[in-house]
C-alpha cells in the first residue's frame, strides 16, 4: 500500500545481548530460571546502592550507532527519569535524556516503490530495563500482581526514527533491516523473549498523531499500523477528529485500543544522574570495528554467487539464513549456488515458516546432499520437496533425521526412467482413462497435454522427469490416442 | 577476619544510638578492637539501618557499605548505629523519628546535625571514633556543637557505596573523633577508590598529621564573620586564627561573593536529589508493608505519608517542585549555575592561599526546640554548605568556648588536600594543648 498521507515514526527498544546487566554484575541469562533469582542489591535498587556502568554495553551501543551511520557524541550523559510504578525498583529509570550517546543516522530499506529509501534516525540512547509485573488473573481484575526483577537493569538501546515511513509495510521492512543489522553485529538475540519492543507513532497528513505502545512482535507492528490506518481513515471519512492519544495493541485480536486516559500529563522530572560521571567515549570510538553488514553481504551474494537481487535480499535478511547458505555452498559444493539460492530462499524458508522452525534446525551438509541429488537428476523437484518435508518433520518430532539418500530409497522416490516401461504403461493408462482430454487435444486445446502430464505425475508420485514425460505424452497422443 | 569479640554496653543517656551491638566482632589491623560507631544512614550487613526514619524501621541491609567493609578489614568493631536527623535532613538531630539526641556538653541543647548521634557518642566517650556523613555540614556542625573533631573529605575520596543517598552530588562519608590524630587515622582506613562507586577517586589517604604550618597562607573570607554570625563566636574563632599566626601562618583577608547564593542553591539541589532518592521508599520491598487491598498508588501514599516525618516530606515536596518541567530552568538549572560560581570562587581563592579559615557554625549549639521554623534552621548551615557545593575538604576542630559551649574552627582546603586541612587543625590542637 503506497499512501502519501501515511506518516510513521518508530521508537524501538532493543535488548543488548551482554553477559551482565547495565549497572551490576548480575547475569542477563535468566529466562529458564525462577523469578527474582538474578538480582542483587544494585539491580533491586536497595538503599545505598550505586550504579557502575557496564563498558561492554556501551561498546555494543556504539557498534549499533556506527552501523546505523549515527554520529557518536563524545560526551553523553545519564539522567534519571522519575516515575512511580511497582516494577521500577528505584522509582526512577536511569536513561539518557538531552545528551544521548548517538544522534542522526539512517536505515536503508527497499521502499514500497521498489527504490532504496533512507529512513532517518533521530537518536540512539542507552537505558536500563525496569522489572516485570506478572498479573494474577489480568491487569484490571486480577487479585494481585507479582513483581519479577530479573529483567531490571538489562541494558537496552532505544532507537528513535524520524517520522519517515510511508506505510505499515515500510515500518516492517525498517524493523527487519534493523533486526538483521543488530544480529550481524552480534549484539542482539532476536529470539529472546522481549528482546525487541516497539512504540509506533502514526498519523495521516494534517491530522493528530496516535502512539501505539509496546508492540512486541515484528508482524504486530505492521498489523497494528494497518489497523490504525484503516481506523483513522474511517474517522476522517465520517468527519470525526482523530484524537491525539496513546493506544495499546491487542496482539490476539489484531486491533488497537485506547489506553486509559491519564488524569495528568506525566512529568518525569529528568535530571542528570549524580552517581554516574558523564560518559566520555572519544578514545573508544576508533576501536569499534564493524563486521560485514547485511547490505554488504547482499552485494557480495549477488557478485560472488550470482544470486538474484531478490534471493540475495532474502538470504541476507537474517544472519542465520545467510550463514546457512554459505555453509551449504562451502567447499566442493560451490557449483550448487544457484540451486541453493532458490531452494533456501523459496522452498526451505516456506517449509520452515509453516512448521514454525528456525533455520538452525537444518544441517547444511544434509541439505547440501539433497541439493546434490537434485542436481544429479536422481529425483525430481517435486520429490525433492517431499524429501525435505520428511527431513523437517522428523526433526520436529525429535526422531533421527535420515539422510536424503535414505529417504529417497525408503520412499522409492528415485526418478522413473523413461525406458523402464513403467512410465510408458502409466501414460497408456492415463490416456485410456481420460477420453475427454483426448478429444480436447484433437480439438486443438493444448492445455489438455498439461492435464494429462499432471495425471501421470500423480500416478508416479512425482517421480517422472517432467521433460521426458511431456515427450512421452505428446508421442502417445500423436499415435492416435490409443 | 573477625577473630574476637568486644563488649559494648554504653550508658546511652543522650540517645546517641539507635542500635547498640553489645558483642561486636573485630579483627586485626590499624583499628583492631576499637569500637567505631556508624551513622544510621550507612548500610551495615545484618544490622538494622533506618536513617532514623519510620519508613525504614526493620530494614536490615544484606550488604555492608564500602566504608564499613574497610572498617572491618582494619579490625574495627562496629559498635552500633547512631542517631541522626531523618535521612540527614536537619541541623540538630531533632528530626529523628526515634527522638532527639542530647548534647553531652549540655543536655538542654542539641548536638547539632545531622550526625548528632555520632558526635554525641564520641563526645560522651562511648566510642573513640565514629563515621558521620556530611551533605551540607552534617559532620562539621555536630563536631563543633559537641566539641570534637570532624572531617568532611573531598567529594569522591571516600566511597559512597552503601550510604543511603539523600543528596548524592553533595554528600560524603567522613571521620569523627575526639582528636585530630584519630580523625586522620580513621580517614586513612576509609579513603580510596571503590569500583562500585564510579564517582570515587583513586586517592588513598596515608598521612601522619604534622603541626608544621610556617608560612602557610590562610584566607579569611569576610562573609564568615559577617551578618548572622554571633559576635562572641566570631571573636573566639579570630583568637584561634591568631594562634595559627603565632605558629607562623600568614593570614590574607578575602571574599567569596557567591556566598550570597550558596544557601539557596544548596537547598534547591539537595531537595531535588532527595525527592528522587527517596521515591523508592514505597513499602514494596522493605519497610512498612503497604495495604495490598488498595490500588498501588493509594498504598504508596499511605506508606509514605505515615513513614516520612514532616521535614522529609517538606523537602520531597520542594525538590519535586524544583525539578518539575515548568520550573526546572527557574530553579534547578539556576542552582547549578550558582554552584559552579561557588566552585570557581573557591578555586580562585585557593590559588592565592593554601587554606581558608572561619567559624564552623554561626552560633553555639542551640536549645532543644529553640528553632521551630525551618528557615531559621536552614540559615545556620550558611557557613558549611559552600564547601559541599564546591566538593572541597573541610575540618572542624574545637577552638574555645562561648557560654561554656564549644565553638568550632573550620579549615577548608583545595580538592584532595585533606591532609593539609588535617595538618592545620592538628597544629592548632597541639598548640592549645601545650
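Backbone N, Cα and C atoms are what each Cβ position is placed from, and that goes for glycine too.
According to TrEMBL, the active site, charge relay system annotation covers B:39 (among others). If you take the C-beta of residue B:39 (active site, charge relay system) and look for same-chain residues 6 or more apart in sequence within under 8 angstroms, you find B:81, B:82, B:84, B:115, B:117, B:118, B:130, B:131, B:132, B:133.
Taken from TrEMBL, the feature active site, charge relay system covers B:114 (among others). DSSP assigns residue B:114 (active site, charge relay system) to coil, not to a helix or a strand. In sequence order, B:84, B:85, B:88, B:89, B:90, B:91, B:93, B:95, B:133, B:135, B:138, B:142 are the residues of the chain that are 6 or more apart from residue B:114 (active site, charge relay system) and have a CB within less than 8 Å of its CB.
Sequence annotations record features per position, and here TrEMBL assigns active site, acyl-ester intermediate to B:138. Residue B:138 (active site, acyl-ester intermediate) is surrounded by 37 other CB atoms, counting those within 10 A of its CB over all protein chains shown.
According to TrEMBL, the domain 'Amidase' annotation covers B:27-421.
For B:90-115, the entry in TrEMBL reads region 'Disordered'.
If one looks beyond the region 'Disordered' (B:90-115) by at least 6 residues along the same chain, the residues whose Cβ comes under 8 Å of a Cβ in the stretch are 13-16, 18, 39, 50, 52-54, 57, 82-84, 123-124, 130, 132-135, 137-139, 141-147, 150, 176, 309, 311-312, 361, 364-371, 377-378, 380-381, 404-406. In three-state terms derived from DSSP, residue B:39 (active site, charge relay system) belongs to an extended strand segment.
For the domain 'Amidase' (B:27-421), the model's average pLDDT works out to 97. Under the DSSP three-state reduction, residue B:138 (active site, acyl-ester intermediate) is assigned to coil, being neither helix nor strand.
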